[in-house]
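Colleague: Annotated ATP binding site per TrEMBL: Gly154, Glu155, Ser156, Gly157, Ala158, Gly159, Lys160, Thr161, in sequence order. Annotation source TrEMBL lists coiled coil at 894-921. The compositional bias 'Polar residues' annotation in TrEMBL covers 1136-1165. Under the heading domain 'Myosin motor', TrEMBL lists 61-758. Feature annotation from TrEMBL assigns domain 'MyTH4' to 1002-1312. Annotation source TrEMBL lists domain 'FERM' at 1317-1624. Here TrEMBL flags 1622-1688 as domain 'SH3'. Annotation source TrEMBL lists region 'Actin-binding' at 635-657. Sequence annotations record features per position, and here TrEMBL assigns region 'Disordered' to 1078-1203.
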Amino acid sequence: MLHLSKGDYVWVDSDVGVPIGAEVKVTDTGQLRLFDDEGKEHKVNKKTEGTMRPMHPTSVNGVDDMIRLGDLNEAGLLRNLLVRHKEGTIYTYTGSILVAVNPYQLLPIYTTEHVHMYTDRRLGELPPHVFAIADSCFFNMRRNKKNQCCVISGESGAGKTESTKLMLQFLAAVSGQHSWIEQQILEANPILEAFGNAKTVRNDNSSRFGKYIDVNFTKGGAIEGARVEQYLLEKSRVCRQAPEERNYHIFYYMLMGMPAEQKKTLSLGNASEYNYLTMGKCTSCEGRDDVKEYAHFRSALKILMFTDNDSWEISRLLAAILHIGNVDYNATIVNNLEACDILQSSHFKMASQLLEVDPKALEKSLTQRSFMTARESVIKPLTSDQAVECRNAFVKAIYGRLFLWVVGKINAAVYKPAEDSKEVRQSIGLLDIFGFENFAKNSFEQLCINFANEQLQQFFVKHVFKLEQDEYTRENIVWKHIQYQDNQSTLDVLANKSLNMMALIDEESNFPKGTDATLLQKMNQVHGKGDIYIPPKNNYETQFGIKHFAGEVFYDSKGFLEKNRDTLSSDLIQLVETSSNKLLKLAFHDMLSSSTIKISTNPRMIITSAACSLRQANDGKKRVPTLTGQFRQSLDSLMKTLTLCQPYFIRCIKPNDFKKPMLFDRELCMRQLRYSGMMETIRIRKAGYPVRYTFDEFLIRYRVLLRTSLCDPKKESKQKCCESICESVLNGEGDWKTGKTKIFLKDFHDTTLEVERMKELNEKALLIQKVLRGYRYRKAYLRKKASALVIQKHWRGHKGRKLYRVVQHGFARLQAQVRSRQLHFQYKKKREAAVVLQARVRGYLAKKEWKRKRDAVILLQAHTRGGLARKAVRKMKTDMYLSAKDKEDERRLILERQKHLEEVLRRKKEMEAKAQTESKTDQEMVDSIFDFLPVVVGGQEGQAPVGFEKFELKKTITEEIDIDDYPIEEDLPKGDDDDDLDEYSFSKFASMYFQGAATYTHIRQRLQQPLLYHEDEGDVQASLTVWSIILRFLGDLPEPKKQVRGSSTQERFMPQELISRNDRRLSHMVGLDQRVLRNKKERKPSTVPEEPGQNRKGSMFTDLLTRNRKASAVPAETANPKVYTVPEGSPRTRKGSTFTDLLTRNRKASTATENAPPKSTSSLRKPSVIMEESDDLTEVSKPPTLQTVNEDSDVMTGEGPTLERPLTSLEKLHIIVGYAIVRRDLRDEIYCQICKQLQDNNNRNSYFRGWILLSLCLGVFPPSDRFIRYLQSFIRFAPGGYASYCAERLRRTVMNGVRGEPPAWLELQATKTKKPMIVSVSLMDGRSINLPVDSSSTSKEICQLLASKITLKDTFGFSVYVALYEKVWALGSGREHVMDAISQCEQEVKRRGGQEQHAPWRLFFRKEVFTPWHDCKEDKISTELIYKQIIHGLKFGEYQSEKEDDLVQLTAKHLYIQHGSESSAEHVKEAVQECINNSQLEAKSEAKWVQMVSTAHAQGPYVSSRQKADSVKAEMVDYAREKWPMFFSRFFEVLKLSGPALPKSKFIVAINWTGITFLDEREKRLLELSFPEITGVHSVREGKASSQAVSLLTLKGDFTLSGGTAADMSELLTMFLSGLTERSQYAVTLKEADRQDDPMLLSFKKGELIIIIKDDEFSQERGWIKGQNESTKKTGAVPTEAILILPTLSKPTNQVMSLINLSPNQRKNIIQANQKETGTMERLAPTTLKEFSQEYFRQPTKDVNRQVMSRNAAPERLWANSREPIRQPLLQKLVGNPELSHKACQAFTDILHTYCIYEK
């Protein structure tokens, strides 16, 4: 008796007849209850206990392979599938057979990961899967070199088609080629499914035809082609569908997915409008998207090489079928015969147009039928029913032929014929054929389908059962015969025996008078008494039955013969022949050929052959085979193909008839298991041996597993060796057998052998590798050892020879010493003897010479004394006769001769002194001029600026860029340019452009007029002043010893423009970032009080206010020509800038006149960052109030520094350069004056001073284009090394532009050496780099040198900063001259009383501005520098945060970067001192900060995750960028020329990564603009000569901003906007687009946000991009012309979108409304008549007479005052109009007359 307990599983009888599993449970009352698998409850009593059986443990939870089931019965099989189905496991093995249960839902088990998982794995290693079967096919094909096939069987709806697609997917993936042919094979399925699949009651995607896909592979395993065979398309479905069924998918795809324009062309509507699509009263299918499927279908056509014309022709034929189906007939009587007419409709007309036939011919073919008699052709009208059948036959023929053409087209694309006919291809065949069908009404198609399934079942039975058992019998394998269900008797009745049912149907079809009734009678007579055939119950019924392997099926014989004949009338064939439709004629090409059209024995029909099929008929008869014959022939061919392959089987099981997931119908599944023979399969697989090898094959493959010690293959037989392998490897692994010629194994035996074989091969491979590597390394070792011995031998020999040479050399030296001592002793002896001999000889000769001279002297004395005595006698005689007057004349003559002699001697001494002075070298002369200059390295003098002391305290790493590598030309090369320069001599320029009689050679006199012509009188006076300063610099004019009042006006006082420059202070010269960001920092009070001064050079505001105003030194037009104007102002008692101090060093303080105006109180006010605006802009252009001073007055009211005092060389240099900087037109004049004084200058001192002055000027300002070639020619003849030095300085100055400041001390030092200067630039990481610079070096060049030195990749935004005292400002990375900033610093030091050479300025390399797309990962060096800059800024209060927690977090991150996860007290304290400002440390104790930082560090996520230090640095940089965007901005001073009203028209523009901000002088934000709000940036030129402006187009109005750096601002904005646009993913639509007809295109409305998808699917160059509509979430192609890409990396705000969507007029109205509310009006910038004339006046003319009288006369000044009438109008546009020209000249004459009258 069975003992039950809780949790047991038992078998319980059920209504189905198969026991069901049940679990024993205990109720609340303690009674036992059984709950079966269906959830039903059963009571436990004596009656049920007798029927219960215990369940084997393998059946409780299920097994992967049903062979391992303990309950090997139907109940065990069924429950195993049920349990796995509930768990979502749909695949189960039965040996090598796969059982697949349709889940009716998508499962995530077919991904790429699963493909890789099952690739190259043995069957059974992984859970059951369809990929495992596919891999086994692929593996066995390559291993056994034998074709494989997979038979996928099952009922309709069991999942055969999906399994086929998955097999193809896997094979395409594992072939490894990923070529176009694989994609084409996969894309053939959508096309075949569209034409051959339909929705049935049992299956939503039922295959209504059979297909066999033969995939061909290369020897390497890559797919090279495929062929598709089709079987028995159900053409009747085109005309008729059962209830709740649909027509073929292609019709619904076309109607739902075709664009509206094409549907309109084909006159198509909805599916409900067509009879052929509504017979089943079902036009939709749940779970299928016809629109999406149509798009997939169209793309598959393109991949399969269908042209657009092919697609369109297919659509035309399908549309024609639908229109023909809507044709209606009207029954009539013609000649007492029933006939019919076609009702005229648009469908009939459209059908004839699409078929391209005559409508009348079409109507005739569909309503009449012609017969051929012996004599004539007879036409018989058709009744309405017959006409409908004729129409349906025509439609089925068209669709059937179209389907065959599509299959042939696919095969032409994917099938590649073998190049060599002898080549044997490897292939895998996949058979997906219709499943067994049993409907309420079964017809001829169901009989053919079930017949095919009978054949496949017989193939399965034969392969699994018959062949297995026959093989065992032949090999004498002990085997117990298993009974199984054999369907051979059914096949005999259907097709094998004589007079079988298929033969009877064919025979009756060939009889002219054969009908369905006669066919039924014959089948009853022949097969009525058998067990397979079931005759009808009476003579009136038309149904008969057949007992199939899957059950009994009853067929309705009505229509059997007509469907079997598959004929088409000759009238319709002739109609097709007259058609112009190429595709229609191509589909019927075999029927249209006369050789293929045959008249059957039945004259009423035309029978066609399937010549377009891939299978060629073997029947040689002329009679065209019937449909049954064709089908049997193709089925036989299929069976032969399958027989030649190694088969695999997939049994698909349909769990329910409702197509619902997780629903398991036990009765339905049990029936499928029974007729599939699964029970018998399990038994024979469990008892049998599915794997078998011949002894040769087994030994060849597994020879590596044979142990030769147990069995030697040379001595033993192959059978013995095979048995030895199995005994050693499969010991204890189950049963295996050996036959006569083969060895028989189980499935798991084969797997075990394969695994062991791979292990053994790997071990042997490792052994071979080990031996080969040992051999290789041993060989290499021996070779190296031999080489080492050779090297040692030669080295020892070399060492011995070297030692020998040393010893030999020592002995040679010793010998030399001994010999030298001997020779020296001998020489000494000989020398002593020679000296004694010489002394004797010389004494003798000296005595002899002395004696000769003594005799000569005695003789001379005697003659002299005699002559004197005779002269005295004569004088005594003469004196006796001379008078007193004669004696006096003689005495006077003697005195004159003596004076002449003294004068000659004095001149000789002077000439010697002069020669000695001129003998000084050039270098000594230069050193004497600049003897005050020390040798220094720039940027290392004095104390470091405030906040940068730590860079001086700790030892910095100094790196240098080699000066020798800096490109400096030693000598000017002689080339083609030198030959050209010969034409540009200075003398030629002087003859062309010098005024009056001025020469080009050196003079010492003052000039009466400038060398060149100048329009401005101020330039004329300044030229004369510069000439005197140049003469004094060269030494051609002596320095005044004291101030002289009577000197000329132009030399007595410093001009106003130089005074204005000298009054500047550093606070006015520094950059905007210092004035905006750092002007609030606490500073140490300066020892010198600050005074107002004018802004620095380059300030936009100063330029705008003083654009047309120059401080003139011209005498005022008053009665007294010597009266001149001086700007009023208060006396300056402070030490001025460099210029002021140099020029006023010895000037006495003058007293003010009594009439002088009182001191202005406004001068004591400290100026703001930006000069405040006046209420009336016209006041801006007014010059300051001037007062007149009489030159002859004793009291001087002007406070300008005098020039009539001794000046140093440096002071003179600054004055000359200052004029050139302030006055552009004076630069050529200065160069001409210097060159003039160098030409033919014989004074060496003056000559070399002139070249020094010229070299210094060449480094500050360039000449004009008119003079540059002449200057280059002049420089070639410079002395010494000045030629190349000056040429290089000129080239650099021309390239980088004019300087803004006079030369600095470093430049004077460089003049001595003629080499670049060395400046030190500090990096924020502590390094210091010495760079070579020259006078023209810009910040951009320095940034490039630094970036190259430190290998900085992300160079944008880094710039050079200058620091002096407490001020730090940016030079940028553009064309700012570095030496200008250094000169400004020296002037500030001089103003404070210091020495320029000790100016404590420093240069730093820092980050100035970020790009909006900055990424710290791009450059670690950049991130490191910015990180160090942030730490420095936190410490010295540059970057401040209101929240203490932010500072604590930054300090904790800094601690982590420096010391990692370690947080000792010393490290934390060090981090706090490096990051926290001193003021914050004083406000809160250091211990408190240390505690907070320690806590934050411990809790930081970077510590727990061990984040990399570089990543934490990047986080800190990103935080600083987002927290302090204004501190990483670039600032520009601008003047608003036009645009919406703002509180200020002069303001600062700050540009950073967030956008643009307008700031006033108090840092108040006037306007903020994000980058999406900017629609355009354009650089414009104003009417004035050198003004720059930028046009800023925004959503809040269009601004025109002017300033000296407007071009730089425009360039920066353009770079930001273009970069953001390139990287942006957001766009806004500019117009509406409705593309509902094309799913590839995106529909949108105007003003909607589009998210750009960058996946290279569409080319933006061709005008298309892929985007997603933000509102509809739809994706598609978008034309670039219809959208505006927004320059932003984040989603634009609603405010920006609302502004974009407004029209320009609406935005303009809003701006005008705001202007009215604020009461501001647009104001224009001031201009002058001179500037207006340069743009709109005609070209001035020169008077010929004046040119003759005065060389180089000035041209006509049209804009200035004139008392002469004009001969041409002033405006250029009136010159060509004679009438208006005459009127304009007459009007000017009238104005002159009126002016003269009023003047009188």
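Cβ from N, Cα, C; glycine included.
I'd like to know what surrounds each of these features in this structure.
Modeller: When other Cβ atoms within 10 Å of the Cβ of Ala158 (ATP binding site) are tallied across all protein chains shown, the result is 25.
Taking the domain 'MyTH4' (1002-1312) as a whole, pLDDT averages 64 in the prediction.
For the region 'Actin-binding' (635-657), the list of distant contacts is 81, 85, 94, 96-102, 104, 130, 133, 136-137, 140, 144, 146-160, 163, 202, 212, 214, 229, 231, 429, 431, 435, 451-452, 455, 459-460, 463-464, 615, 663-665, 668-669, 672-673, 676, 678: same-chain residues at least six beyond its ends, Cβ to Cβ under 8 Å.
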Colleague: Around the Cβ of Thr161 (ATP binding site), how many other Cβ atoms lie within 10 Å? Please give the count over every shown protein chain.
Modeller: 22
Colleague: Would you say which of the binding-site residues Gly154, Ser156, Gly157, Gly159 has the most Cβ atoms within 10 Å of its own Cβ?
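Modeller: That would be Gly159, with the most Cβ atoms nearby.
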Colleague: Around Glu155 (ATP binding site), which residues of its chain at least 6 apart sit with Cβ under 8 Å of its Cβ?
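Modeller: Spatial neighbours, sequence-distant, of Glu155 (ATP binding site): Arg202, Gly435, Phe436, Glu437, Ala550, Cys652, Lys654, Gln672.
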Colleague: Using an 8 Å cut-off from the Cβ centroid of Gly154, Glu155, Ser156, Gly157, Ala158, Gly159, Lys160, Thr161, can you name the remaining same-chain residues around the ATP site, in sequence order?
Modeller: Asn102, Asn203, Ser206, Gly435, Cys652, Lys654
